[in-house]
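K.L.:
Copied straight from TrEMBL:
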- 12-34: transmembrane segment (TRANSMEM)
- 107-131: transmembrane segment (TRANSMEM)
- 143-160: transmembrane segment (TRANSMEM)
- 180-206: transmembrane segment (TRANSMEM)
Amino acid sequence: MDEGKTLKIRLTFSVILVGVALLFAAVVTDHWAVLSPEVLHYNATCEAAHFGLWRLCTKRIYVQDTKEKGCGPISLPGERNCSYFKHFTPGQSAEIFEVSTQREYSISAAAIAIFSVGFAIIGTICVLLSFRKKMDYLLRPASMFYTFSGLCIIISVEVMRQSVKRMIDSDETSWIQYYYSWSFACACASFVLLFVCGIALLLIALPRFPQNPWETCMDAEPEH
């Protein structure tokens, strides 16, 4: 492998590692969406919530006289309580989430995100092994693993988005406002980096196409 191609691979891999870091940050944190109920009385406390793939956190916030209808912002100081979803830890409770949305949405989003993490790990192992001599053929499956990882995390994002939408539209919930937070943004950014750079890595790893019609990929002159 010539030096120019090696440099392209290392630069692409560096960007992919940023995408993998964003992916891990999105999966392990619980700031995908922030939910706010309607505030009917001011100079009192209200309960806002934020959640991720595994855990729901609620915060009691003191609301003064304001023009905002919702509770928050979530960054205000208040009593915070976090619990893992009941279907992941049967001994704990997260009643608000269990009533607010379908259990299947949470399980599906988390399972697809785990597949995304698995693909990213396998792809990284393949790239690291490809740096050894005569093992650059591993770059092609690595690129596909990264592409699959990006597709899985964006599917998980869409499942989570539908979950929040169903929560807001449900008559059984008190939530009237919501917005997506930084964990959601990390997931979207990781999709862009993993998907685009996965395809770029595949194109870089492919053998050079013949420049003349009588050449084949095997006897074409190497790139300089």
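The backbone N, Cα and C atoms fix where each Cβ goes, glycine too.
Note that the structure is predicted; figures quoted are calculated from it, not measured.
Just tell me what is around each of these and how deep it sits.
P.N.:
Under 8 Å from some Cβ of the transmembrane segment (12-34) lie the Cβ atoms of residues 48-57, 72, 74, 82, 113-114, 116-117, 120, 123-124, 127, 146, 149-150, 153, 160, 164, 178-184, 186-187, 189-190, 192-194, 197-198, 200-201, 204, all in the same chain and six or more residues away from its ends.
Same-chain residues lying 6+ beyond the ends of the transmembrane segment (143-160) with a Cβ under 8 Å from its Cβ atoms: 16, 19, 23, 26, 32-33, 53, 105, 108-110, 112-113, 115-117, 119-120, 122-123, 126, 184, 187-188, 190-202, 205.
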